[in-house]
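Scroll down for the structure; my scribbles are underneath it.
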């Protein structure tokens, strides 16, 4: 019994052990898949982290690329703006140089040669004025003439102390000669006298030349110098000789002050600076006592003559009473003696006028030529391009008229009104321009303007020409379209005939 009990207990223990082992084995079998899944998850997480770490540089590179792409337009904007400004400047330069100057023929006027510089933006224009943008050829020529005369008179040559040009001096007695009124301007007493006059002549003469041109500077210098010497000759008597360019220089003070005045703050500053200097100099001469060797009368008379000289050089060739202030349209003033253009009331009603330029395109262009820049410039340049540009409707229409009538390009019989209109817009047809546009018209190109269609020379006769009115603008009249009733009647006729 004892052995049986022991065996039973051992069996129970063994069974329990096996059960424990079984249960343990079963538990281990059930737990093993869970641990394996955790390991897989960890491995997957590690792999994902590794992939993310590997992808981070790529993402960073992509972000950097995107940032660069975003920065490129910002970097390209200034370049695009510069290109647009250059294109606008080229258009404006072509507009400015075309006025009063035929294509292919450079103008002799320095004011027109400076049109490309005046077409720059205001900032560059002002910098150009301050630096070396103004012409000074005539000013330098006057300075060199004064220096040459002074050297001839005072510099020793071959042991001699120069050759005084006493016959050039302005003598107030019986030695007087009319030519001395001009020659005395270029003679000077000593180096100090020459130095002060040269400084004033160059500074103010350069300003005047930049505003009105070299020839008019010479005219203003001559007028002021001669009138100053005339006043000195009439005021002082006796055995006296007058010489020097002081009277002419005082006149240039006034001319430069008046010529630079415009309704713009920089011009106002220049006007005040030059004006106060001229006023101080003239007032000092009037209020001071007589000094030995100083001709006060010539100084004051030269300043007064500057007002007259400014009126001459500024409005030379114009009749103020009839051409500047007259409201009557004068056909005889036009080159082709025909009436061209419309009244101001028509332009105002059409909406093409602006408050800043109430007299239209020509007033805008004059102010633009003098350096003003506004937001309306692009519109005005576009108007000129559409009407008078390389493919402008008025230019091509005139060429088409000449080709159709078989006459020369410069024959005024071909549409004188169109020629006068082109003249108002600053363009005159040349032979080279006529030949360029006539090629397409002879080949059959149609030109439409003012409701009239001009077929090319090579186009067949009797063939109905298609084409509406070219261009958009005031003064272009479209042909009236056929009414619906007439169209329906024509259709009925075709049906009955068929």
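Using N, Cα and C of the backbone, Cβ positions are placed for all residues, glycine too.
Among the features that TrEMBL reports, compositional bias 'Low complexity' is placed at 42-91 (among others).
Marked as compositional bias 'Low complexity' by TrEMBL: 103-113 (among others).
Annotation source TrEMBL lists compositional bias 'Low complexity' at 481-490 (among others).
The annotation domain 'Peptidase S54 rhomboid' is assigned in TrEMBL to 179-312. Confidence in the domain 'Peptidase S54 rhomboid' (179-312), given as mean pLDDT, stands at 83.
Residues or ranges marked as region 'Disordered' in TrEMBL: 21-119 (among others).
What TrEMBL records for 459-498 (among others) is region 'Disordered'.
The signal peptide feature in TrEMBL is assigned to 1-21.
Annotation source TrEMBL lists transmembrane segment at 217-236 (among others).
According to TrEMBL, the transmembrane segment annotation covers 243-263 (among others). Same-chain neighbours of the transmembrane segment (243-263): 146, 168-170, 184-189, 193, 197, 200-201, 204-205, 207-208, 211-212, 220-225, 227-229, 232, 270-271, 274-275, 277-278, 281-282, 295, 298-303, 305-307, 309-310, 313-314, 370-371, counting only residues six or more beyond its ends whose CB sits under 8 Å from a CB of the stretch.
Here the transmembrane segment (217-236) has Cβ contacts under 8 Å with residues 138-139, 142, 170, 172, 176, 180-182, 184-185, 205, 208-209, 242, 245-248, 250-252, 255, 295, 297-302, 304-306, 308-310, 312-313, 316 of the same chain, all six or more residues outside its ends. Counting residues of the domain 'Peptidase S54 rhomboid' (179-312) by DSSP class, helix then strand then coil, yields 105 helix, 2 strand, 27 coil.
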